[in-house]
Amino acid sequence: MEKPFILVTNDDGYLSPGLLALRKGLAAVGEPWVLAPDRNWSAASRTRVFHKPLRFSSARLPDGEEVHVTNGAPSDCVLLALLGLAPRRPDLVVAGINMGANIGHDVTYSGTVAAAMEGASAGIPAIAVSLDLGPDEGREGNPDYETAATLTARVARLALAERGALSRILLNVNVPRGVPKGVRVTRLGGKIWSDDLVRGEDPRGRSYYWLSGEMLSSPPPGEEDTDVWAVLSGYVSITPLHLDLTAYPVLNSLRRWEGKALA
């Protein structure tokens, strides 16, 4: 029996320790085939590169495993694979393991989530997996990557078993730091950052700006069914997402504008 063919990508670049751990973990589930960006594309969202040609080449992970890389964005990686660069159509698309959680409103910024969304939009079940790490924790040797990879392999098996029901769904999986208390199936939470603008002046007297901020440090009260609460409380969150962003609660009430908008 042919093994499931799993397209693996990320947004941190092919040398990320999260990608290395993910490929190893998924090898127990099927045949992982890696096509990843040749550099970091964090917060790229669903960027597509139209202004220059895309390149495709082979490279090696730190463990010596041969993979494929491109100068394109995470979404481009999935598109290139689906349009013929992969040896066959994937049974599953998995993006990650991202350095840092992708929860709440932040999912719209995420290149990891966008890569999985590209697979889901093509009718392929997809998983985006992220690990709640601080900026100085995403280095080689972090044992939490192995935890996240093992859990992702289990979720991948479940997704493959129910691929018909999940054909246009992506599962956004977020793993807390340390040993998880359990797993929660959640909805998206809200804003997780307090935004800040850092102002400065360069040696030539020109102003510059850094967009900065701090992430919530404790779970928000009253949101126990959200991914934000779950991850900050030490649980793995699994949030089903889809491409339909329609605001259905106001759709019918806004239809009364149809006769007024051009009046």
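Quick reminder: no glycine exception, Cβ is built from N, Cα and C everywhere.
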Listed co-binder of divalent metal cation (same site as Asp11, Asp12, Asn98, source TrEMBL) among Ser42, Ser75, Ser121:
Ser42
A 10 Å Cβ contact count, applied to the binding-site residues Asp11, Asp12: which residue has the minimum?
Asp12
According to DSSP, folded down to helix, strand and coil, what is Asp11 (divalent metal cation binding site)?
coil
Mean predicted confidence [pLDDT] for the domain 'Survival protein SurE-like phosphatase/nucleotidase' (6-194):
92
